[in-house]
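The following features are taken from TrEMBL:
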DOMAIN    10-158  domain 'Phosphotyrosine protein phosphatase I'
ACT_SITE  C16  active site, nucleophile
ACT_SITE  R22  active site
ACT_SITE  D134  active site, proton donor
Amino acid sequence: MTTMAKSGVVRVCFVCLGNICRSPTAEAVFRRDVEAAGIAHRFEIDSAGTGDWHVGELAHPRTRATAEQHGIAITHRAQRFTSADFARFDWIVAMDRGNVQALRDLAPDDGARAKIHMFRAWESDAPLHAEVPDPYYSGQFDLVLEICERASAGLLAHLRAKHGI
Ligand code: 4NP
């Protein structure tokens, strides 16, 4: 069973590799959706990467530009996900299977492992085991945003039902 902070706040962390493209997009889209629903006080939302190459940097310029075209400002600075973060979050939402494996390798116990999920698992009509593609080399920044919008809606519906929000 997923544990929840005493305050009734649901803590969600989106995770990718570099924390400059996919997970900052997912974080910003999900925060926008939560704010639009008027339930921001029930959530803590963050993102992190399994790698440390870009720690401290703003999101990729194309990630920020693509989000801005959709009215979303991304101000996040990259940080690395550490094993201590398993205690800080209830839902750890990975962009691809490589992220899931890296997180599983970091997880201190079964309770931590149970918090790890694939973001697209909540996207309606997504193929089974679908991943958010890495745009860093492919340039698919628009596709990443579209996927994040669909998956965010599904994740929010799931968390509202699960936590009675
Ligand atoms: P992200 O994309 O995991 O969506 O932030 C990447 C960013 C940087 C690198 C790889 C993927 N990199 O190799 O530096």
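The backbone N, Cα and C atoms fix where each Cβ goes, and this holds for glycine too.
Those TrEMBL annotations? Automatic predictions, nothing curated.
D134 (active site, proton donor) sits 7 Å from R22 (active site), taking the CA atoms of both as reference points. In the three-state DSSP assignment, the secondary structure recorded for the residue listed as 'active site, nucleophile' is strand.
Between the CA atoms of R22 (active site) and C16 (active site, nucleophile) there is a gap of 6 Å.
The average pLDDT the prediction assigns to the domain 'Phosphotyrosine protein phosphatase I' (10-158) is 98. Within 10 Å of the C-beta of R22 (active site) we count 34 further C-beta atoms, all protein chains included.
According to DSSP, the secondary structure content of the domain 'Phosphotyrosine protein phosphatase I' (10-158) in residues is 72 helix, 24 strand, 53 coil.
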